[in-house]
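Everything on this sheet refers to the single structure shown next.
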Amino acid sequence: MTERRHDIDALRVFAFALLILYHVGMAYVAGWDFHLKSAYTTDWLQAPMIALNRWRMPLLFMISGIAIGLARAERAPWQFAWRRCGRLLPPLLFGMFVVVAVQAYCQGVSNGKVVPGFGNFLLRYWQVRPWPAGSFDGWEHGITWNHLWYLAYLLPYTLLLMAMVALGRMLPVSLRALPAPIALPVLLLVPILWEAFCLLWVMPRHPPTHALVGDWFVHAESFPLFVLGYALARHARFWTWSVQLRWPTLIAALLAIATELSIRHLGRSLDPVPLPALLATVRWDMVERLARAAYTWLALLTLFGWARHGLNRPFAWLPYCTQAVFPWYILHQSLIILALYWLAPLHLGPWLEPVLVLAATVAGCLLLHEYLIRRVRWLRPLFGMPVRESPTRTRAAATLTQV
């Protein structure tokens, strides 16, 4: 039986809403690569973008693990994996061949590598042959998944998790078997230590690529959180602790991100502050990575604690928004790129342009989801929605149906 967790549903909605803001910000933050950049980039966006970047994808992977832990119940692992793949694969393929094609086209035309004309581009794109170098991200493969890499990673992660469950459900059992005085320090410290290992050892050797194969840093960071989410989904003691510790984890998370941002700022200062001899010997790059590792996990604990405390109730808007999350996720970045592609030549200025890009993205997601995707039966599974929308499902918006 699926357990209702309104806090997890609401947190997922807020996480994907922030993802839209984050991807709009990617077009305007200076010094960061994106598929299409505005002429109005700025440095001040880096700090809030970093603060969001550290936990946005870890949160989504952990929520996906939690959703499986809440929804799988006693269904056979391979049966669940099969149903899950059937839900994720059509949106991924349709997204790559149709939705993300818009991003590749806009980027290619802007780079001067693609001749204008979307119809001809699409026919060429569907041949899945390499493009001229630098046409768009993924040109060497002929096709790209861009922001849909998250779905591509969920597929093998789900299969691996269900294989682990089938071979022996040791992780949830071992967590519940830990005595309370030991379990709390383990849940507080071990994820931070693992994240620190990923940042200090794995990432320098294997920088993130989002290409799935060989993307060892992202796998080392994301898959354990995915599994941990599954293990903690029905771990009542963890959720009680997350609520009880929501203030301490919030304060500690703020201190950690303040430490990381301060070190980054001072390290990039044009007029470095001279340090005493003792401080000059400190490996500040390592301190920065340790602060980042602490912030990532403490931010997740804070979000789970406050969501459990304040969002675990049946809000009137929640069923609709929960169903809308998947289609909006698939659509949003293509709409961002398309809006910027159309608006950039108008030279609207550093305030009006991003406001219009955001407004066009939200309006496009809303209109396409409400008046096309959810009303056309054959489109629904291509955007992660069930073929039929039953009244019960509409009211409940079961966790199983979500990413």
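Using N, Cα and C of the backbone, Cβ positions are placed for all residues, glycine too.
Nobody curates TrEMBL annotations by hand; they come from automatic prediction.
Residues or ranges marked as domain 'Acyltransferase 3' by TrEMBL: 6-369. Annotation source TrEMBL lists transmembrane segment at 12-35, 55-73, 85-105, 148-168, 180-204, 216-233, 245-266, 286-306, 318-343, 355-373.
When each of the listed stretches 148-168, 245-266, 286-306, 355-373 is scored by C-beta pairs under 8 angstroms to the transmembrane segment (12-35), 355-373 comes out highest. Mean pLDDT for the domain 'Acyltransferase 3' (6-369) in this predicted model: 94. Residues 20-21, 24, 27, 324, 327-328, 331-332, 335-336, 339-340, 343, 348, 379-380, 383, 385 of the same chain lie 6+ residues outside the transmembrane segment (355-373) yet bring a C-beta within less than 8 angstroms of a C-beta in it.
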